[in-house]
Amino acid sequence: MSGHTKAVNTLAITNKFCFSGSNDRTVRAWSLENGYCTGVLDTQESPVLSLAVKKNVLYSSNTDGMLKSYNTTTHRSIQSFQGHTNKITVFTLDNKENLFSGSSDCSIKLWNLKDSSWKQTYNAHSDYITDLISAHKSSTLYSSSVDTTAIAWDIESGRKKLTFKGHKDWIFSMLLDKSKKTLYTSSQDRMVKMWDIRSGSCAHTLFGHEYGIVKMILNQNILYTASWDGRIGVYNLKKPRQLPTFLEGHSGKIRTLSKYGDYLYSGGNDCTIRVWSCKTLKCKAVLKGHKKPVTAIYIPNKNLTLSIGEERRIYRWPSHHVVDSNSKQELETLTKKEKQKISLKRDHAYDLGSKIIEKQIEININGQKFKVSSKLNILEACRKVGFEIEALCYHPSLGPVGTCKCCIVDVKSVSKQSFQRACACATELWEGMEIKTDSPKVREQLMSAVADLRKKQKNRNLLSKMVGIEKVNNSNHLMEEYIKNGEKRFKKSKNGKKQKKKVIVADENDTMLDNLIERVSNKFIDTTNLAIQVDHTKCIDCTRCIAACSNIQGMDIYSYDPPTTMNDFNSAESLMPAFNTKGKFLGDTLCISCGQCSLYCPSGAITEIDHTQKLDAVMKSKKKLVVVGMAPSARISMSEIFKLAPGSLTTGQCVHLLRLLGFNQVFDVQFAADLTIMEEGTELLHRMNDKENSVLPMFTSCCPGWVNLVEKKYPEIIPHLSSCKSPQQMFGSVIKNYYAKRLNLDPKDIYCVTVMPCTAKKKELDRPQFRNPKTGVKEVDLCLTVREMGRMVAKRGIEFSELEEREFDNPLGFSTGAAQLFASSGGVMEAALRSAYWLQKGVEFPSIEFKPVRSRKGIKESVIDFDGTPLRLAVVSGGKNIHKFLETWGTSSFNYDFIEIMACPDGCIGGGGQPRSNLDINPLRKQVVYQNENKLPSRSSYQNPLVKRLYKDWLKKPYDKVALKYLHTTYEPYKYSDQPQTDENSDKFHKLNEGLTWKNSYLILYGSQTGTAEKASLKIADKIRSLKYKVRIKEMNEYGQPIKLKHEKLVFLITSTFWDGSFPENALKFWHKLKELQPMSLTKLKFCVFGLGSSTYTQFNNAAKNLDQKFIELGAKKVLEIGLSNREDKNGYLTTLNPWLKDIQPLLKKNKKSRWRK
């Protein structure tokens, strides 16, 4: 059924006709009998979004906010409904003469169908409407919105009856079960909630899906859900606590779900329609033909199925395919596919298994042709085929930045057919791309970049010596290795002669150094944080620390303040490190000591505080018994210090390694992990069984980074933290209080050392709670990271071939598989459930492997049947995910019983003290964790015979008096030396914006990835204020709905361009919402755009250009030509900004609004 010239958005079905609405702004009528077009109802002013039929009238909604009605027999227009100011996202008809419409202008309107009059407006939502349900008997209208709420309205009065709050993300759809007085809402937060429509309370929450749930179908006591995770969930509503049965087969997002008779029809991004039997829950047929994702399926009768996708045509399918014998062979093939686990990454092709078959393209590198994945950037592609390119600022886990300029290459432009320079880390591949990594221009650029780095570090080192700061020795100086490799990248020039290396150094008497002495005294090396030290003399301005702290951990401790002239190193300002901690020492900030910044720092500027020399001194004195314990994840990554894959060293070889390093006795911290589980599992049962005197949910407390975050930022959670010490501290407590007595030694004569993947453990052992209150003896004396172990191994010259199998010493030398799970996110939860169930029931947990918590997702949720009680669980890892998870803390929607939280991504295997890697190595480490756990003879902590003996000889019972004294602790809110840290720029903007609105000030909106655009925005604001005008400044994402810009009179839009031409992260949300606005919707607005970019990127200033063009399309008046600055200019962005600012003054004077003057 072809005829539309653009994509079809919607269908409406009658007995004889099918009506279609399209982006080509037409409504067409089609015969169901033969599929022929019988006429075009109307050519409208904007694309048609939705259609509905009632009696002989067809209703349509458009993107211009208008509703129209047509006679389905004569195809003539009847009337129009006008009142919305933006596109109508959804409308519904009830059994009376009423039509309800919801719009992206956040309002709902009630219309009388007889005369198209506007009867009522319902205003309460703060974002656009996603679904409407009318219950005319109870005179109630239900609405849902992107603002995460659903509301019940009284139809006549327009007043709110109830508000349904609880979802964490926008609601996709609703279902109303009138017989059971239940409203179902599905959301982007992966949950379905069942609401009592009488009280507004949430009766049940249905879990199971991994991505948003877009469609629901209710059939008696069965609820079918379609999700973006590519699965259909089948929920038994009689047992809402049970996880659903999943129908799997789609290899992409499911976009639509329909039901006819005993069959379900699903369509999605894999361009197929699957037909499922509701009885057998098996796929009966696969309908192939769509070229683009399927968006809607309609079944007019048993003999016909209609479907539409992101295409210009309507597909007709004979419904007899579900019983056609020709489909049996296809069914058998499909069954084989279903047995394989299908990966859900978008826009990939798949084979019968889970292996991704990525699109391959041909590229040319230095005259050689290669086939590589289209998903790679130039840097990754070159490295994959054997061309090593250095990149200091790039890491695959952080994304490209493009500041070091070491990865520069020549790329042949598609448009100009000539070579131009590009950052390899920030340029994606295209078919036939030609790349040169060794051209004369590239050589010149690389040597210049290396010289600049050497000069900057040399000058900073000289400066630190002049102000009397002793330079810290650090053998882990990765930048030197990078620079050496970079200089080796070109051994000879074209004439065969070695190229001279010009390295610029600073004169010690240079006056620019003298000018800085006062400003930098005692600020170059910061050791105030007991776990991490910052040596500013080694900073190369790569901004990796900022990306790790902000993008991965969400802490925003570091800020970026680059010199104004990025290429002018004669400036004293350029010697100051670009990254800083906002005017505070690191120890005085909200830093949780997770060490992710040190994990990604390539130059050694940020490292763990090194304790190897301190340990060497203790060992050489031979006055103490030096014992060591090795953490679960440390044995996984220890092999990486020998440049081997994770897990290549057996546990026995790790024990031998520790003995060769000089430790007197080698114990297993996994023993203490088993002990932790016994205590934590018992504590959980105690809280569940004594809810009156205890608080739920209970959070795990074995991660010191998480505990630091609670004490510094979320002190209200302290009562919910488990009182159990971490495995490290339990290990130390057993050594100093039990093992010392067995040896008849004074605890101070035992030196207890741990090997950990974590930097925060270094700070944890210094907590006052972990010292003997009488003697001051610490439970753990010293903590080494795996990286420090690597330095000790290198210093001793130990080779991998020397290592043999050895056993741990007893009585702390045996552990179970449950303790091994501590290495990975979700492991503590899984281990605790195994033992808690046994402690409660006396039998083993039904499913010893708890798969829902084993994925790499940052936030995992599940509900299990725990001896007849539904136990609501959550597992969270990574600081940014923690902040997102705790957004609803304290609300009724935060409904959990037991929560495991780890500060680092993927848990301890991604800890800040792990070996550095230029790969995303955590999946490999995680795989080894579960392989090792599966091999151990005992897999539950209660099965550990040495733990049983410890309770018999010393502790007596878990969570009893002795255990509470030695194995449990307390927490308290962090006490700041001054006012708690806040975001410096946010405070500044708050003061700038105080008392200002769109009525009395101009507006600056900025998008910044590294901070340069933010700095430029502040300069523009200073300029406007110097002219005696008022101005507000905001991040683009903070502004809210862009439609509100129609109230502004003049807005300055400042944005940088990130990576492949995209917007910065703090502007992406604003840009996507801006694209949803209708043309000519901002006609009263005046605007101007200033862009910041680098000509080394192929998409130079692309974001600013797109912004400028979009505002023109929206009808806004451009009052100043777009400013496009280039970071490569001698004075950086100021080269363009300064003349651009001069043009602002006459522009402001033209405005006659005197009330805008100060």
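For all residues, glycine too, the Cβ spot is worked out from N, Cα and C.
Nobody curates TrEMBL annotations by hand; they come from automatic prediction.
Pulled from TrEMBL:
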- 1-40: repeat 'WD' (REPEAT)
- 81-121: repeat 'WD' (REPEAT)
- 122-163: repeat 'WD' (REPEAT)
- 164-205: repeat 'WD' (REPEAT)
- 247-277: repeat 'WD' (REPEAT)
- 359-441: domain '2Fe-2S ferredoxin-type' (DOMAIN)
- 530-560: domain '4Fe-4S ferredoxin-type' (DOMAIN)
- 583-611: domain '4Fe-4S ferredoxin-type' (DOMAIN)
- 1002-1145: domain 'Flavodoxin-like' (DOMAIN)
Practice problem: May I ask for the residues of the chain that lie six or more residues beyond the repeat 'WD' (164-205) and have a Cβ under 8 Å from a Cβ within it? | Solution: 127, 130-131, 133, 135, 137, 140, 142, 144-152, 211-218, 223, 225, 227, 235, 237, 240-241, 861, 863, 872, 887-888, 891-893, 895
Self-check item: Composition by DSSP (helix, strand, coil) of residues within the domain 'Flavodoxin-like' (1002-1145)
Solution: 60 helix, 35 strand, 49 coil
Practice problem: Could you give me the DSSP helix, strand and coil counts for the repeat 'WD' (164-205)? | Solution: 0 helix, 23 strand, 19 coil
Exercise. Give, as a single whole number between 0 and 100, the mean pLDDT over the repeat 'WD' (247-277).
Key: 88
Quiz item: What are the helix, strand and coil residue counts for the repeat 'WD' (81-121) according to DSSP?
Solution: 0 helix, 25 strand, 16 coil
Quiz item: Using DSSP, what's the helix, strand and coil tally for the domain '2Fe-2S ferredoxin-type' (359-441)?
Solution: 13 helix, 29 strand, 41 coil
